[in-house]
Amino acid sequence: FFWQENYPNVRRKSFLFGNDGIGTSFQILTSTMPLAVQTIFVALLFSSMASAAIVEYVFHVKNVMVKPLCKEQMIPAVNGILPGPTINVREGDTLVVNVINNSTYNITIHWHGVFQLKSSWMDGANMITQCPIQPSNNFRYRFDITGQEGTLLWHAHVVNLRATVHGALIIRPRSGSRYPFPKPFKEVPLIFSQWWDVDIRLLNLRPAPVSDAYLINGLAGDSYPCSKNRIFNLKVVHGKTYLLRIINAALNTHLFFKIANHNVTVVAIDAVYTTPYVSDVMILTPGQTVDALLTADQLTGRYYMSISPYISASNIVPVPGNSTNIRGLIAYEGATSSVPPTTSLMPGTDAVSTAHRFSSNITSLVGGPHWTPVPRHVDEKMFVTMGLGLDPCPPGTKCIGPLGQRYAGSLNNRTFVMPATISLQEAYYYNISGVYTDDFPEKPPLKFDYTNFDVRSDYEYKMMFPERKTSVKTLRFNSTVEIIVQNTGVITAESHPMHLHGFNFYVLGYGFGNYDPIRHAGNLNIVNPQMRNTVGVPPGGWIVLRFIANNPGTWMFHCHMDAHLPYGIIMGFIVQNGPTQETSLLPPPSNLPQCSRNPTIYESPTTNVDLSC
């Protein structure tokens, strides 16, 4: 305020700082103030910024024409690029992003994996923490980056817009701090996504159309017609080590990743440091990230990096276009283009054991930055079944799903119904009744053989039709919560990537079949389990999660396959305030978007045929 009052004729000047060669943008105010004053001001600013800075971005969301394959397609995108801009911050910074919506869609932006301590209003979960930003409007997100380092992502949190509205969110250590691994020669974001050659609104049909391609940093590569020369090409120097910041931003597909003739060393997952883990292949569910070190230690040449889908659903037959290996290039300095690149054999689309081996062998870096021991005492224990079910076919509609019905999804036989006129958090904060119920069950209503469903049983048939309800579970501040998530085979068994907003959780164990507390509880890892914000529940299997509810607000726990959001594989947690102002949710911002009765992207094109097959 001193500078604004005494030097009102200011101009903005951008500076870069950082001792890792990768600058972080911030803004300071300069003017016609005396040179000596400017010098003192800048010196003090740089001194204070050794620990923190305010980092600002502007996101212009608008419809643009792009052509990854053979035809142009209109898509919503941020700042006219696909993927969107990479956000670079340091731990301790304050991030400010002004989202200006010039598209034709309602939109929110979710900062996937960011804790949002006391600032859940900024989480960007549509109809959970805010109403959407309507066309020709804007909203300014502002929040602190606290206790996190590594690779995360940002993306639209309105169904299907995430297909093209996404980007990397990279959190580096504070200035003066180091990575807990050797400093890489270069850092390289790799963002995987899906591409459809159709109007994005058609993705609301159930099931969504099969994607036409996968992309690496927005490029389809040489496996597809019309994109032979549009391939991501990473040039490397022999002997140097590169930090790959890998993000699966795909809507609905788990993806294998492999580099021909090279191993990588995993050093972080979901912005949590890990014990170094060497592998030649990795699996990422939608929403997961991996930081991996690649050393250019092979013969000079060109090598394909490849991604391919992992299709775990037992009743889905891969189609040729959906199982193509998508390729980028690793090109050594001095390599010639006259020699074809070296290829590698990718895992099969149903390689369950390969996926499970990678997912279950990673452990956290005990004693590393931001590590906290696993809490031993559990205050809240939940057993949550998840999977697909059925919803009765509306009168006058032809449904082509199983038994002539349409698909639904559920957690503990509850299909989550999204609020329509006010966000869940506003209803909680202002004590507005009739929006949600605080009765999410701690266990399923019926016990059955979860992974061997028998539709002929009247007892089990009832489980095919979940109850539709907006229900949440309220948690006391600082309570320790354990969730056993049991995948079911009610319709089909497949891996579901479950994402928890506002927290990391410890993954204490994975397994196949039905969870048995007598056989499995004693084998859980409470010493160095991996920590994540998104985890794939094995097909026909289970996981055990544990987290500390130390972040007041309203938080989603949901399947991160966008096709399953309209199905309702969602629940909400409300974490109560702590005993002090420092442990309580901040008031809502004055410019929080308000809801409208205008149609949103959740609504599908009008049809009298339901395509829920």
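For all residues, glycine too, the Cβ spot is worked out from N, Cα and C.
So that you can see what the record holds, here are the features copied from TrEMBL:
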DOMAIN    61-175  domain 'Plastocyanin-like'
DOMAIN    187-334  domain 'Plastocyanin-like'
DOMAIN    439-577  domain 'Plastocyanin-like'
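Across the domain 'Plastocyanin-like' (61-175), DSSP helix (H, G, I), strand (E, B) and coil residues number 6 helix, 55 strand, 54 coil. For the domain 'Plastocyanin-like' (439-577), the DSSP-based tally of helix, strand and coil residues reads 17 helix, 60 strand, 62 coil.
In terms of DSSP helix, strand and coil, the domain 'Plastocyanin-like' (187-334) has 8 helix, 73 strand, 67 coil. On the 0 to 100 pLDDT scale, the domain 'Plastocyanin-like' (439-577) averages 91 in the predicted structure.
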